[in-house]
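Trainee: Pulled from TrEMBL, these are the listed features:
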- C:79-270: domain 'ABC transmembrane type-1' (DOMAIN)
- C:26-47: transmembrane segment (TRANSMEM)
- C:78-102: transmembrane segment (TRANSMEM)
- C:114-137: transmembrane segment (TRANSMEM)
- C:143-164: transmembrane segment (TRANSMEM)
- C:202-224: transmembrane segment (TRANSMEM)
- C:249-270: transmembrane segment (TRANSMEM)
Amino acid sequence: MRTGRIVGLWVLLGIGLAQSTTITFYYPVGVAGPLARFIEGYVQEFEAKNPDIKVNTVFGGNYEENQAKVVAAIRAGNPPDTAILLSQQLYTLLAMDAIEPFDAYIAKDPELKRAVNDFFPAFMMNSTLDGKVYSLPFQRSTPILYYNKEAFQEAGLDPERPPASWDELVEYAKRLTKRDAQGRIVRYGVAIPTENRSTWLLEALTIQAGGLLYDPAGKGCKVLVDTEPVRKGMQFKADLARRYGVSPEGLVAWGTTPGDFTAGKVAMIYHSTGSLGFVRANARFPFGTAFLPKQVRYGVPTGGANFYLFKGSDPKKREATLRFIKFMTSPELQARWALDSGYVAARRSSWSLPIMQKYLQEWPQPKTAREQLAYARAELPVYNLQQVKDIIAEAEQAVVLGRKDVRETTREAQKRVDEALKPFCR
Amino acid sequence: MKGPWVFLLLLPTLAFLVVFTYLPLAVAAKEGIPALPQLLSPENLNALRVTALYTLLTAPLSVALGLLAAVAVEGHGRLRLLARLLIFHPVILPTVGFAAVFLYLLNPLGPLRNVLQAAGFPNPLGEPLSAFLSVVLVGVLKDAGFYMLYYLAGLQSIPKELIEAARVDGAGRIVTFLRVSLPLLSPTTFFVGVMAVLGALRNVDHIFVLTKGGPLGATDHLLYRIYILGFEYFDFSQAAALSLVLFTALTLLALTALPRLERGVYYDA
Amino acid sequence: MTLSSERPKPLLRRIGRVSWRGARQLPALLFALPYAFIVGYSLVAAITPTADLHRGEIGRFTLENFALAWSSADFPRLYLNTLIFTLGLLLVQVFTVTMAGFALAHLKGQGKDALFYLILFQLFLPASALILPNYILVERMGLADTLTALALPYVASATGAFLLRQGFLQVPKELVEAAYVDGATPWQVLWRVLLPLVRPQLAAFALVSLVYHWNEFLWPLVIIQSPEKRVLSLGFASFARSAESGMEWGLIAAGALLVALPMVVVFLLFQRSFMEAFARSGLKG
């Protein structure tokens, strides 16, 4: 009888080991460079530790392309088991009825429960709806201020005192803007990119002006464009070039700004903390990082992408998927990923790990983003996300380019956004 | 005997055409027709306008550039081959890569900063008009190399006697070119012209890198907008409807061009 | 008696001749100057340390960008996949366009124009606009994530059919008739007699097809999922399209060169035939 049970156990073990589960995992590359290789590396590490699981990685391109691929797969009836998608995408995915909440699994799994409680609350803001958790943070960031300490000294400013308010920013920028003998500007004081299809930095300015780009009670259906804080934010950006002459004219591009900063062509920039690696590698001058200056208050939106759970998985795959997600969001991996990529380690316990401590001793700048989390808000969470972002971004462009009056622009944009949300919010 | 053979030979091509070109068309029509009223929205009308302007500029300019390049590099010699390779290189590069070079060059704080300022375009990609022109520029440069090859072939096939005869009659180089070569090149020009219009209507990769449809919709090409509507807004009906507009334009082009293409062939006895 | 001053030394004459030939080619190079400028920037960016580029300095030479680009993506595999895809597709296309071109050249009877238009209409329907329905189709066939699926929408090529038709129209009737008289079957006539005669057209088509598919990005992005099936354009994209950080110009330039290099070779091989094809095909009035 006993031998029977032992044999039975071995048979089961054999069957279990022999059958490996394959899961599909889509991921974007949001930060330049060979980051895809890191992700592939982590996956291989996971597979080595879990020989009964095989992870099919699908590189989806950048955030928009990856999103498109995931949706195409879902529509073709072939959803992935998990994917890294923008934390903002919650409502879009819910509208497609494509995702499942983590709660049922959190209740049964103490490790998962620990993880959820260990993430920085700011990073969980985009994940929760009606008390349910729909995504777990993986590659997260906030915008921060980078400033050229050498330029500060040159202009007679204290390199350890970055500007703390919008007014100070303008003041500093005026002193930092340098011209040559012919009067041409060789260095601009500040550059705040107007990214073509994103509202991230506008959101930051809006929060600093005391407002919010959306109504939290609106559950993804109410966007607040026609408000004073938004107008202040847009006007502030426009004034930098047109009124104070401290920023380049026209739209400042996102992708070229860190390079311009490291080349010394602009003394202060607003950019993602994810660019820290880039700046560190390329700047030949001492630089500092700081909170984005406040107007009424400090504030930034969070950014980046999370792990989602997709419907249409079977229990074995789901179990494998959860193991994978737990691995990727573990404190150790979050710390390593932060060091490799420049994203903010999303787990609080990551920051006390030895590798993190050692790194911070040499490079304290990552702490800025983490400390700024205290003032962070969720990133615009709405249905029909990309179209809403495009409408608002275009409005911002019109103001920055001086084409339209800011009141008229925000009023029109509000109407268009409400139109765009109508099919989703009855 | 010819009859059945002909159809047999055409069968594979026809089969794949039906499945991968015409069937998807039908799907697009089915999806798109309900959304036709939405075509009159300001954004869609803007896309139509942008596409028309873009085509009107890019097609003739790239053809002209191809022709000029062919005239400049005609003949033998290693240096000429090098020139040909240089002019053709945008065709060889992945469009994303070629456009990325311009992203770098057209940066208002970049290496060409002083040149751009002097030219009155301090931030080419950051203002609507100059962004549109930049996209046209990249589009023209990308394909002109191919048209150069077509024109080189055309130039080669002009009988030398005709050129010599004109010269003997006292005509200068330019007059000879305008009066003798150019008219003889007209079938090539027609063919290249059609290719150029097609290219302007379907090559939008550089917009993904350079301007993403902006600023203020100045580079919101129809095909780019179709991609965004379908793959980022997931509004398949509207994307399909816009596709139908594109297909209509293309069909009109086809109807004008195909008969000429069929007839405009001269073959040796 | 000739005075030595009347006769230029042979060596000088040769130099003179060579430099005159070179000088006559100058207009070509002048025309190509803007292009040279653009290529120059890419080359310089590829061999300059990225850190220098971002500080706006050039002058130092390094191969680290190539090394980094090479290690950022599995280039050997990318090359292999792209070669399999483009060459495999081309091979199939040679068959389909030759057959179609021949058929179109010899079409007789009522359906003639209709068939011609039906096939050539595809010239005007870009696969890029049909991405979503084509993807769903391919998925239902169970062929998603295969190099085969990449090729399927392109097997029927109207461009090729048109080109080859031009070529076949050139062939003198007598040649074909002589072959029949010699007892050849139509199939043999096609592949043994006619095919060699349309080599320039095939070469032209090969150039068009190879270059287009080598650099094609959107369709592979939608279709290919597994990393081991990726083609060059996808590999290149992973470090050329960043969303959050700054652009790594050196890396991008080096990557672009790694992707484009084989096509340079293809161009050099095929450009003569390409032009021959069009010269002879009589795009004349």
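Cβ from N, Cα, C; glycine included.
Note that TrEMBL annotation is computational and uncurated.
Relative to the rest of the structure, where do these features sit?
Mentor: Within its own chain, the transmembrane segment (C:78-102) is flanked in space by residues 119, 147, 150-151, 154-157, 160-168, 190, 194-195, 198, 201-202, 205-206, 209-210, 213-214, 228-235, 262, which lie at least six positions past its ends and keep a Cβ under 8 Å from the stretch.
Proximity of distant same-chain residues to the transmembrane segment (C:114-137), defined by a Cβ-Cβ separation under 8 Å and at least 6 residues beyond the stretch ends, is recorded for 100, 104, 107, 144, 153-154, 156-159, 161-162, 218-219, 222-223.
Only residues 6 or more beyond the boundaries of the transmembrane segment (C:249-270), in the same chain, are considered here, and those with a CB under 8 A from a CB of the stretch are 42-43, 45-46, 48-50, 53-54, 65-66, 68-70, 72-73, 75, 79, 203-204, 206-207, 210-211, 214-215, 232-233, 235-236, 239-240.
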Trainee: Taking residues 6+ outside the transmembrane segment (C:26-47), which of them lie with a CB under 8 Å of any CB in it?
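Mentor: Result: 53, 58, 61-63, 65-66, 249-250, 252-254, 256-257.
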